[in-house]
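Novice: Got a structure for you, questions after.
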Amino acid sequence: MKAFEANFDGLVGLTHHYAGLSFGNEASTRNQLQPSNPRLAAKQGLLKMKALADMGYVQGVIPPHERPNIPLLRQLGYSGTDEQVLARAAQHSPQLLSAASSASAMWVANAATVSPSADSADGRVHFTVANLNNKFHRAIEAPETADLLRAIFRDPQHFSVHDALPQVGLFGDEGAANHNRFGADYGDAGVQLFIYGRDGQQQGAAPARYPARQTREASDAVARLHQLENSRTLFAQQNPAVIDQGVFHNDVIAVSNQQVFFCHEEAFVDQPQLLQQLAERVPGFQPIVVPREKVSVNDAVNTYLFNSQLLRHPDGGMLLVLPEESRQHEGVWHYLTELVENGGPIRELKVFDLRESMYNGGGPACLRLRVVLTEAERQAVNPAVLMNDRLFTTLNSWVDRHYRDRLTQADLADPQLLREGRTALDELTQLLDLGSVYAFQR
Ligand SMILES: N=C(N)NCCC[C@H](NC(=O)CCC(=O)O)C(=O)O
């Protein structure tokens, strides 16, 4: 069956700010309490979506979550009117209010793991919502993510959206950021590679300094839920030493598409063996392994060259969509331009300014969820979320009307921000034909 890869990007929410919530993600820690610009952040994301849509890629939008999350604050014992809940949380624990207000759902590479219908025994596209168990501000995303995915991929004949795995460390799951799918034509059965950071039973190697967010047990469970064939499913461990250097998700050190695997030489445990297994299973496999002499792990973490989108180029080969930080680094940019000039599978580099997201450790690849679709499946996607000229204009003016251009942690206590968010999201559910997906609408 003919199929193609679509990208669904997270739309940045109105409460986008820098709270230093993600230990092990060095950008998050470094930029804690810097003022943010939510309006710019949303517009930078929209520009990337529009550019890809203009190039002919199918591009969708995944809406933000309801933040601040008042029901969560009530669950934690803050009571009274919504305004009192906010004031009490802000007074008692600004960090908790930040967690309940984080716009982190924008990094939809962590929304779910996705398997195309060609790989699943029941012939449906499977999604398992990520539980994001390692970080409180992210673990709270799961139920809303499930609702939103069901409002977009709403036809159960084509799509199966599984709820998140149990919310415990043993099943820590970070979604598509730790998952790759290889193959020639998108519509043929492919090979799926699940990458974990540690064995949940604490056996084997593990990082010493920073947490490994994904467990082997979680990856196993997702593969089962997606009804994948064993012979086409591989599991590999990320090198714990690079987690300790700030590689908190695998998509910070590797990216793949079809037969191409672009990764750093220090990305995996037993990397030669993994590459051998892939070469045996993926006809035409083309690894591009970047040596540490050309790009150090530290430079990879600071420039996010692997947190790029590797897209099938309209003229054949691949296009690499990179953050501006990769161009700003002389050594990294030199390596990348040489890569293109040397005539490998990567034909073109395209750079986007995503600084607002990058300051929280989210590059181009973090902002998108890849979904391989057949034409019939695309027809079954909620059409209102698909990017085109009209939606781009509509969403830009929606952002202009509702978003602030400066936000600090102290602003989260402002009840006016809560009202602005609800008004904006209420309007958005109509623009994107989502139904009443948010708790405040029910
Ligand atoms: N690599 C991928 N796919 N995603 C990047 C996610 C970044 C996110 N940052 C944050 O959640 C920072 C929020 C703060 O500190 O305010 C995280 O660490 O989970």
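Cβ coordinates are placed from backbone N, Cα and C, and glycine is handled just like the others.
From a predicted model like this one, the values you see are computed outputs, not experimental measurements.
Heads up, here are the entries from TrEMBL:
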- E174: active site (ACT_SITE)
- H249: active site (ACT_SITE)
- C366: active site, nucleophile (ACT_SITE)
- 19-28, N110, 137-138, R213, D251, N360: substrate binding site (BINDING)
Novice: Checking the recorded positions A19, F23, N25, A27, E174: which ones have Cβ within under 6 Å of ligand 1?
Specialist: A19, N25
Novice: Indicate the candidate from A19, L21, A27, C366 with the smallest number of other Cβ atoms within 10 Å of its Cβ, considering only these recorded positions.
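Specialist: Looking at the recorded positions A19, L21, A27, C366, the Cβ with the fewest others within 10 Å is that of L21.
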Novice: Would you mind reading off the Cα separation of H249 (active site) from E174 (active site), to the nearest angstrom?
Specialist: 8
Novice: Sequence gap of 6 or more, Cβ distance under 8 Å: name the residues on the same chain that satisfy this around N25 (substrate binding site), in order along the sequence.
Specialist: G246, F248, N360, G361
Novice: Could you give the Cα-Cα distance between L21 (substrate binding site) and E174 (active site), in whole Å?
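Specialist: Counting only the Cα atoms, the answer is 16 Å.
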Novice: Reported as an integer number of Å, what is the Cα distance between A27 (substrate binding site) and E174 (active site)?
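Specialist: Spelling it out, the Cα of A27 (substrate binding site) and the Cα of E174 (active site) are 18 Å apart.
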Novice: Just the number: how many Å between the Cα atoms of E174 (active site) and N110 (substrate binding site)?
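Specialist: Cα of E174 (active site) to Cα of N110 (substrate binding site) measures 5 Å after rounding.
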Novice: For D251 (substrate binding site), which residues in the same chain are close in space, meaning a Cβ under 8 Å from its Cβ, but six or more apart along the sequence?
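Specialist: Non-local contacts for D251 (substrate binding site): A109, A176, A177, N178, F306, N307, A365, C366.
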Novice: If you count other C-beta atoms within 10 angstroms, which of the recorded positions R138, E174, H249 is the most crowded?
Specialist: E174
Novice: What is the Cβ neighbour count of N110 (substrate binding site) at a 10 Å cut-off, with all protein chains included?
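Specialist: By my count, 29.
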Novice: Mind giving me a neighbour count for F23 (substrate binding site)? Other Cβ atoms within 10 Å of its Cβ, every protein chain shown.
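Specialist: So the Cβ neighbour count for F23 (substrate binding site) comes to 14.
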Novice: Provide the three-state secondary structure of A27 (substrate binding site) computed with DSSP.
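Specialist: DSSP assigns A27 (substrate binding site) to helix.
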